[in-house]
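Reviewing the structure listed below.
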Amino acid sequence: MGAFYSEYLSSSKVREHYNYTKETLDVQETASRQVASAFIVILCCAIVVENLLVLVAVGRNSKLHSAMYLFLGNLAASDLLAGVAFIANTLLSGSVTLRLTPVEWFAREGSAFITLSASVFSLLAIAIERHVAIAKVKLYGSDKSCRMLLLIGASWVISLVLGGLPILGWNCLGRLETCSTVLPLYAKQYVLCVVTIFSVILLAIVALYVRIYCVVRSSHADLAGPQTLALLKTVTIVLGVFIACWLPAFSILLLDYACPVRFCPVLYKAHYFFAFATLNSLLNPVIYTWRSRDLRREVLRPLQCWQRAARGAGRRDRTPGHRLLPLRNSSSLERGTHMPMSPTFLEDNTMV
């Protein structure tokens, strides 16, 4: 057992596995590769910033502490970490890959798997919450916070276990014939397991949204109102984006399991499919935020404050000898004027 885990620190193991599964080890930093890496890093920075804005908005406004928004905050957290993990993955790719030890390689790939799977589990939790809201099923009682935290915690524990299985021993070190082509230190059986789990989650989300659609179509006029129809449009967009972003990655991983080593050249372009799947983390906050008027207003508030501050600074620069009176704080006018918001999108006017 000690000899097995000693391979985790061997600086030659990663090169050995890549040499076995790849047609070539040419990882020169060409201009096109550098441009692609820079673009991916910029894209991931955008993922981090927009999901951070969502987290700040949910955290600072007590109106957004309902079940739906807490699940949305968990989705934003997982997407934010997915962006950070993919930045690290990009910076540690190319010529740097062959200098990594297996434990460093497992940490690089495992962090991406953990955060991306947490994002998928968060989408499933949101789909469940939407189904509960539209079906008028009372799932949360007085201990709803505890239940929500348990569900959120369970999604992260499952994600950690799922992403950590290779470093715990489910890998192909010492068994080159069982190695994945896309992820040369992962066993093909592990890749198939991950794809199967994600596919089941996808089917569950599809089933929940189909159920929502059926309930809305068969409901009375008071339930199938403008807000409900707007919600149906929102979840349809989310489902379409989820399938469009993740289906190519699932397909390439299934092909990886089925193809013998060096038999399917398309597998050597798998990083493009994973980069495309990461777009889901970029689009999630756009979809959910732009469809909620309250959340959109809260997310845009810091940007509006920065814009007003910039205008004020420019005005002072143009009139250096004129002292501007301070603006009256509007928070005192806003305090106590908000109407209480219902815990779901269906029962308020936040959907557009």
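Quick reminder: no glycine exception, Cβ is built from N, Cα and C everywhere.
Annotations in TrEMBL come from automatic prediction, not curation.
According to TrEMBL, the features are:
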- 35-58: transmembrane segment (TRANSMEM)
- 50-288: domain 'G-protein coupled receptors family 1 profile' (DOMAIN)
- 70-92: transmembrane segment (TRANSMEM)
- 112-128: transmembrane segment (TRANSMEM)
- 149-169: transmembrane segment (TRANSMEM)
- C172-C179: disulfide bond (DISULFID)
- 189-210: transmembrane segment (TRANSMEM)
- 230-250: transmembrane segment (TRANSMEM)
- C259-C264: disulfide bond (DISULFID)
- 270-290: transmembrane segment (TRANSMEM)
- 312-352: region 'Disordered' (REGION)
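Recorded residues C172 (disulfide bond) and C259 (disulfide bond) have their alpha carbons 16 Å apart, per Cα-Cα distance. C179 (disulfide bond) sits 11 Å from C259 (disulfide bond), taking the CA atoms of both as reference points. Predicted-model confidence for the domain 'G-protein coupled receptors family 1 profile' (50-288) is 83, expressed as mean pLDDT. Using a 10 Å Cβ-Cβ cutoff, C179 (disulfide bond) registers 22 neighbours. Counting Cβ pairs closer than 8 Å to the transmembrane segment (70-92), the top stretch among 149-169, 189-210, 270-290 is 270-290. Annotation for the disulfide-bonded residues C172, C264: lowest Cβ count within 10 Å of the residue's own Cβ, C264.
Same-chain neighbours of the transmembrane segment (270-290): 40, 43-44, 46-47, 50-51, 53-54, 72, 75-76, 78-79, 82-83, 86, 93, 112, 116, 119, 123, 126, 182, 234, 237-238, 241-242, 245-246, 248-249, 251-253, 256, 296, 299, counting only residues six or more beyond its ends whose CB sits under 8 Å from a CB of the stretch. Only residues 6 or more beyond the boundaries of the transmembrane segment (149-169), in the same chain, are considered here, and those with a CB under 8 A from a CB of the stretch are 4, 8, 70-71, 74, 78, 103, 106-107, 109-111, 113-115, 117-118, 121-122, 124-125, 185-187, 190, 194, 197.
Of all Cβ atoms in the protein chains displayed, 17 besides its own lie within 10 Å of the Cβ of C259 (disulfide bond).
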